[in-house]
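Below is one structure, written out as structure tokens; the observations come after it.
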Amino acid sequence: MAQIEKYQDFVIDALEVVDFKLIRDKADINNDALTFHPAMAHQIFGETETIFGYQDLHVRVMYTAGPLHIYLGVDYGKRVNEISGGEIKADDVVSTIAQSLPDGCYFINLDEFLKTLDKADKFQPFGEKISEYRRVSDDGSERLFEIYQCEYKSSSFLKFFARLQTFILWFVDAASYIDTDDPQWCYFLSYEKYKNNDGQWQYATAGYTTVYEYYAYPQNKRPRISQMLILPPFQKLGLATQLVESIYRFYQSQKNVVDITVEDPSEDFQRLRNFVDARSCMKLKSFAPSEIVKGFNKEMVREAREALKLNPLQVRKVYELLRLFYTNVKDEKEYRPYRLEVKKRLNAVYYKQLKDLKKMERFKMDTEMLRARLPTVQQRMEQLHEEYRVVEQEYQSTIAKLRAS
């Protein structure tokens, strides 16, 4: 039996050999400038993100830019099957990727895939247009993006969305497909509207967000933003900000919406959310500089919830961020009260733990093991200093973006 150790040269990093393209016309097939690589591959090829059994491997995953029909192609120089005399078999790359795709939604014949481009000019966005966004490119040309809200469950939309959400396994960690049979899901999609070589308008899919509308007693709802992905060719164009703001405006106009929340936001999304919310709150009376300096209060929570549908925890974050925005950190008289207020909030859990221990001790309960788990005062001070440093660093990053906007 041939030993697999002899074939380590046939172990390949999937991130280096898998590439993606969004195809608008047939000339794009060989345009390497359109290529982008996955951010991760462990949800497809396992934790090591490797493919075994090939040399000079090239895996092509191509989507038509609008309707997102999929092509899977594999080219290679050598394969371990032949070199080992059939004793060792290479990974079946197409089958492995196909396991994450909806049944029957991909092509392995390039000619058949290219035929779908002939119909791509007929592709139209699903749902109702709720906003548009213009962006001037570095070369001075203007790009037009449109955002649509969709909640109907037509078979054509569900097939399209099934193809769209296949991107998340390559670009969003710990991702999973949503259950499109659940009627509580609402979809927001971003498209670029562009003119093709014949001067006709066409649409390219740029990204999406899903929102789950939770029920709130008695006849209300609490939308929760779930997944968001802007496809790599469209990143750094402000689309994520426009998408979030469009979702906010859509729900802020509905009287039965209690507040808008986010499901397990990533650090990047939390920064985006803080930026959008802070920029909106700066327009509210209770967040004026003269009011911010007085400290956090219930009026901020009330106004932000009524006007912007923000929940109290997010309002508190925005307050801290904007107070730092208006604070002269070089003036200790201004800066020190701010630091103390934020640290008091960060330390609230620790103080509650101490308070609970003292209450237990008044009832003669044994707290020795519980106390041993808590940090000493000195350790807690060091922890608190580091926690504050991280918070301020995050706030300053958002503040820089606010000042530039």
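Cβ coordinates come from backbone N, Cα and C, glycine included.
No curator has checked TrEMBL annotations; they are predicted automatically.
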Of the residue ranges 262-289, 374-401, the one that TrEMBL records as coiled coil: 374-401
Rounded to the nearest Å - Cα separation of TRP185 (site 'Interaction with histone H4 N-terminus') and GLU263 (active site, proton donor/acceptor): 13
Cβ neighbour count within 10 Å of LEU239 (acetyl-CoA binding site): 20
Per-state residue totals over the domain 'Histone acetyltransferase type B catalytic subunit C-terminal' (273-324) - DSSP helix, strand, coil: 40 helix, 0 strand, 12 coil
Inter-residue C-alpha distance, GLN235 (acetyl-CoA binding site) and GLU263 (active site, proton donor/acceptor) (nearest angstrom): 22
Set of same-chain residues at least 6 away whose C-beta sits under 8 angstroms from GLU263 (active site, proton donor/acceptor): TYR212, ARG224, ILE225, SER226
